[in-house]
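Just below is one structure, and these are the notes that go with it.
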2 protein chains.
Amino acid sequence: MSRANSRQMKLGAFLMAGGHHIGAWRHPDAVAEAGVDIDHFIGLAQMAEAAKLDMIFVEDAAAIRERNVNIASQAARSTGFEPLSLLAALAVNTSHIGLVATASTTYNDPYGLARTFASIDQLSGGRAGWNLVTSASELEAENFVSSGLRPHAQRYERAEEFAAAATAVWDSVDAGAYVVDGNVYVDPGKLHPVDHRGTHFTAAGLLDSPRSQQGRPVMVQAGASDAGKNLAARTADVVFTAAQTLEEGQEYYADLKARMPSFDREPDDLKILPGVSPIVGRTESEARAKYDALQELIPDEVGVALLASYLSVKDLSQYPLEGPLPEMPQTDGIQSRQQLIIDMGRRENLSIRQLARHFAGARGHWQLIGTPAQIADELEERFYAKAADGFNIMGALFPAGLEDFIILVIPELRRRGLFREEYEGRTLRENLGTRIPARGA
Amino acid sequence: MSRANSRQMKLGAFLMAGGHHIGAWRHPDAVAEAGVDIDHFIGLAQMAEAAKLDMIFVEDAAAIRERNVNIASQAARSTGFEPLSLLAALAVNTSHIGLVATASTTYNDPYGLARTFASIDQLSGGRAGWNLVTSASELEAENFVSSGLRPHAQRYERAEEFAAAATAVWDSVDAGAYVVDGNVYVDPGKLHPVDHRGTHFTAAGLLDSPRSQQGRPVMVQAGASDAGKNLAARTADVVFTAAQTLEEGQEYYADLKARMPSFDREPDDLKILPGVSPIVGRTESEARAKYDALQELIPDEVGVALLASYLSVKDLSQYPLEGPLPEMPQTDGIQSRQQLIIDMGRRENLSIRQLARHFAGARGHWQLIGTPAQIADELEERFYAKAADGFNIMGALFPAGLEDFIILVIPELRRRGLFREEYEGRTLRENLGTRIPARGA
Ligand SMILES: Cc1cc2nc3c(=O)[nH]c(=O)nc-3n(C[C@H](O)[C@H](O)[C@H](O)COP(=O)(O)O)c2cc1C
Ligand SMILES: Cc1cc2nc3c(=O)[nH]c(=O)nc-3n(C[C@H](O)[C@H](O)[C@H](O)COP(=O)(O)O)c2cc1C
């Protein structure tokens, strides 16, 4: 299968400590305490860069991930680097790959956060990206506010104002404002002090660094609610999503792109990257064996606890493991993920244990198991069927999971003309090919 | 002059972009846009490490530094990296030197900030230090709050609570808590969830990384008010200060150390490092010529504007440059620095222009101009006279200002037994030789 085309996939590598699979840390090939091993992260980022991937991506919540430390431990993301300091350390060990990290609009201030991303943009020569989240974690809320998790609508109202203020901070300095020629330091005509006095935030100064080499840091988002999709349609360059089926992917894709014209944006200026966890083997049975070895590393209590947290319910252990999910109330957690799980349980008639194992493995994302050609076929199908502009690759176990994809699948995608041979530019924005939304947008 | 002694100086390098001298950016040897040149910072940090300095230090305010951009520009700290991302980038390019950066208790939250310093501690193997400030800058206040700069007493009340909460976050994980042996991830008995519900802050979770290799990040402070000195006596490992004269230094030193026993601490667990800006020449006249060349780079309006900002007054330009300082009201700015300037003006009978030039040069710190032996004599005197446990070296112009000190003065200090030949350990705390205040202290 080969088609001449100019549109190519954008690919990100989701670097989740020891691997995206919940049992990864128990695997004999696991890197111990991968979350705080900087050489491990540098190795992965350099590997992704050598393969010309668009970006690496780091998720976040400013908290451990489960109230029960034994479950948290098994989710293996109880310990890790704070993402922005991790990006800074990776910036000086890479030269072309985009560096995207998650930061919350609920527990930060726009001036401070915009300034830190601007700094990472300077450190990396224009390769920073901000995954804007509103933070649905209760454990995170407890580390910052006494009143607990704020309702979804309030979080997004704050996020809208946050994004506008942060953008104004980045836009307060034009390219070339700092002259620094021994006599003149700055051209005041190229400075536009922020004057943001909103409901939630104040910012009234200038960014304290030159304008980003890519104009503004790249904006990433993963909103799935109506409010989340509108924020993305207005501000995002890249959107992550979780889609189990082709149809789910197409529906999300069409919906989000259709929202863009009303914000005066072209659909192509936003790249939609569903997550996919590929388990690659040279043969199908080799791939299947790798998958089974990982699935065996999920104790029931861990899988069920993770499922409960994805559903934003306290506990599921009172229901029989062999039975179906009970009826669920809507919560202020991540509504789309709840719905995805509920839908899949009904569609495929799965028990709690089966759902738990399925979602614990790929954490709610698309699971692909097969040969390089089989995996490339599936990715290509979704790419051409307008379910994706590319993918967020979730290696199940690091470094092998990323290495397998790079060594086995990337060459297959290249043969099909679906992925770049060389970087188009030095900044993340150049490689993505997205244009900056107009000033004030 | 040589004395056998075991007590040795602790030395920090204050890395202020292009140099500590306000005219540095205009100098022919200046590095253009030094503030956002990571290779420049890496070079300085590696040079300081090769000389076995204890630490590098980065100051901060989350804002440009002067309302008038033309003055700001000339203060040459209008653009720069955000300090914590800078430290992270330096962490992976150094192996032994301490990495200290400034962060505000007024515009951060304890969980988030403690977590970022913990992350830098993990990135560096236990070499992070936090210079805790309450932020007296109005421009910084305007980037965060609509109500403007908070009064001094309120800022310190918040800082006390912030330090206690941040410490509780670091202490929430014991050494060895994360077992990660394939079966057991964490030993729950070694976790102590924070339960901070205070006036200003909430934090109720666990740090999401292992305990620091140095126990806790090193705490640095520069308080000069009564509230500032009490906070330092209770929590700091290192204190920066500005002392023009030996007597000022001795008075501050005695005062601060005398406060420690009431907080159950030994005076030796806190190192007092006054700032000094050394201009070194192989001969006295060579040193003097270097100084004069820098002083010529200070236009009157820049010097006077900086003096006004140090005095926390809006403007001084209505007073004759040849006349003395007018009477000043006390403000909520940095009171000690105001007093230091007023005292010096009276003591030495200086005009506004003279004061402006003097303070603009070393920014209020001790200015030393001379040969290596002369400079070593002065440092040695203050060290033995209990005015200092070491010094914070403020290179006037980088890289030459640091290089001169390292090549010319350090060997002289070593000959006198005043400075180490090799690092004592790998963590900043080991090299400083300070003990962690007890849990909950
Ligand atoms: C690939 C992917 C990564 C995500 N990473 C994070 C994250 O690191 N932190 C976080 O708080 N939320 C994360 N989310 C959740 C989204 O930010 C978002 O809240 C969620 O998709 C639900 O959409 P909504 O917020 O519009 O309800 C992620 C979602 C996806 C699909
Ligand atoms: C060497 C040195 C460096 C300092 N660096 C900073 C800084 O980076 N940011 C800041 O807001 N204040 C800084 N300060 C100011 C101190 O934090 C402190 O506010 C000041 O010394 C006055 O003391 P007080 O706060 O007790 O009134 C510094 C002071 C000194 C002596």
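Quick reminder: no glycine exception, Cβ is built from N, Cα and C everywhere.
Worth saying up front: this structure is predicted, and the values here are computed from it rather than measured.
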Of B:THR102, B:THR105, B:THR106, residue recorded by TrEMBL at the FMN site of B:ASP60, B:HIS152, B:TYR156, B:SER225
B:THR102
DSSP three-state assignment for B:TYR156 (FMN binding site)
helix
Let me check the 10 A CB neighbour count of B:TYR156 (FMN binding site). How many other CB atoms are there?
22
The sparsest Cβ environment within 10 Å, among the binding-site residues B:THR102, B:SER225, is found at B:SER225
Compare all C-alpha positions of B:ASP60, B:THR102, B:HIS152, B:TYR156, B:SER225, the record's FMN binders, and send over the largest distance in angstrom.
19
Across all chains shown, how many C-beta atoms besides its own are within 10 angstroms of the C-beta of B:ASP60 (FMN binding site)?
22
